[in-house]
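Asks: Provided herewith is a single structure, encoded as structure tokens, for subsequent inquiry.
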Amino acid sequence: MCWAGRLMLGTFSILLVLVHAAAACDFGPFPYRATGIVCRMTNSAALLLNQETAQVIQAAFRNAKFPNITGERSMRLLGRVAYGLTNIQVNDLSIERSEVELKEDNTIHIAIKNVTALFKGTLTYGYAGAWFLQLFHSVNFEIESSIDLQLGIKLTCQKDQVVPDASDCYLTFHKLTLHVQGDKQPGWLKQLFTDFISFTLKLVLKREVCKEINGVARTLTNFILDLAANFVRHKDIIVDITLASDPVIRASYIESHHKGLVLYRNSSSVVSDSVFSPSLLTESRMLYFWFSEHSLSSLASAAFLDGRLVLNLTGEKLQELFEMEDTEVQRKAVQMIFQGTSYNDSVAKVWSLTQPQISLQPEGTVVRSLVAVEVSILPAGEEPLVALYMEKEITVTIQATYIEKKLILQPVDSSTEIKVFKCTADPSGKDPSIQSFLQNMILVAGIPEVTSSIGSALTSLMNSKRLDLFNIINPEIITGKGYVIVQLDFGFPSHLLLNFFEKSL
């Protein structure tokens, strides 16, 4: 599923992950039909993420490998003067401000204003003879610079994956001043070298810084794609998040479309009738995720085939389930079923016998499945005794919320129909007190307990993928006919970006 949005690691990374240009990909005449997941980021989110651009640019400058600069020039009276700048390093880098603008030509324009940097290194100079070059003096130098940086990040699609191109990169120099041996006053050496070194230095800085920015963009994109792929993978269950259609870029949002196919043990789901339409998403929140009914239903089927839809209850949980109310009918039924055995010596197993059928409706997620319930007594030193076995056709409507970094699944309507009933305390299956108690227990306590356990399991799974590290603000989960939308605002966890740079750059 498109939890790639947790991959919010800076303007480059998020924008490049969410937008995928299709210059080299052919999606056919009806690409939306194969769309299982959609991500939309609005302009307000892009502006927020742009605040982190400074870290990306600073890393690009620091990580750039500046080559040695050599050259020579004829000077009046002195003949030909040769020079070399070596060991060039960047110090004291700062950025005044950064601006981002989304263009409808599949380009993200980023303007970095007033990048001030101090370059340090060694200047070696001397005289060039006709047959040889003799460099005889070296001094330390500093170059004070003030630069504006313009980036146009193009997005292309190769093999259904995004490939960023930040080669549209321009540096405008407002200041480039050479200081020799730390002396900030003009001198003959500075006057001699500044003019004809500056032009070459500008070309080198532009080439190396822009090359590094392009490399950072690709590195971040690959990192985010890998992170997103890992987020939607657990053991043998994988969600395909490759592209399903061309992106949509507007001045107010960017949007990408993904296949959302579920892969499980060499088998794959197929979607060809997606109900996605851009009009289903608005622009009032920062981030939107749209999931198709097919994608969620396929995930539930894969979970069933992988044997994950099983719940065991013992001890206090089992007691809570069977003692939901303190009545004479309840006490009698419990005594008959458990035959006086302690809850600690008993276990209830609940599992799905058939693949759950999921239908997304405005009122919630409707789940239908044939479910088995088995209560076993575990006498000391003896074989387990099955005290109760039931098979029930259950239909439940669930509403989902995400509160305090926990996924809450709340059943709002449910019904059951008994298909099989076996109970040692009621061999005929006609005891009205047991039948009534069990029916009430399943509706009032059993279904809420199962949905709560599934919600907790999904929360743990998402947190294991580091979702809990993000500041998700006022998330809303809205279901419609055939789809669900998750919309939210977010705060950017900048420490994740810093940690990433420390490890990779």
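Note that Cβ sites are derived from N, Cα and C of the backbone, with glycine treated the same way.
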Asks: Of the candidates C39, C210, which does TrEMBL name as forming a disulfide with C169?
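Replies: Among C39, C210, the record in TrEMBL lists C210 as the disulfide partner of C169.
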Asks: Could you tally the C-beta atoms, other than its own, that fall within 10 angstroms of the C-beta of C169 (disulfide bond)?
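Replies: Other Cβ atoms within 10 Å of C169 (disulfide bond): 21.
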Asks: List, in sequence order, the same-chain residues at least six positions removed whose CB sits under 8 Å from that of C210 (disulfide bond)?
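Replies: The list for C210 (disulfide bond) reads A166, S167, C169, L171, given in order along the sequence.
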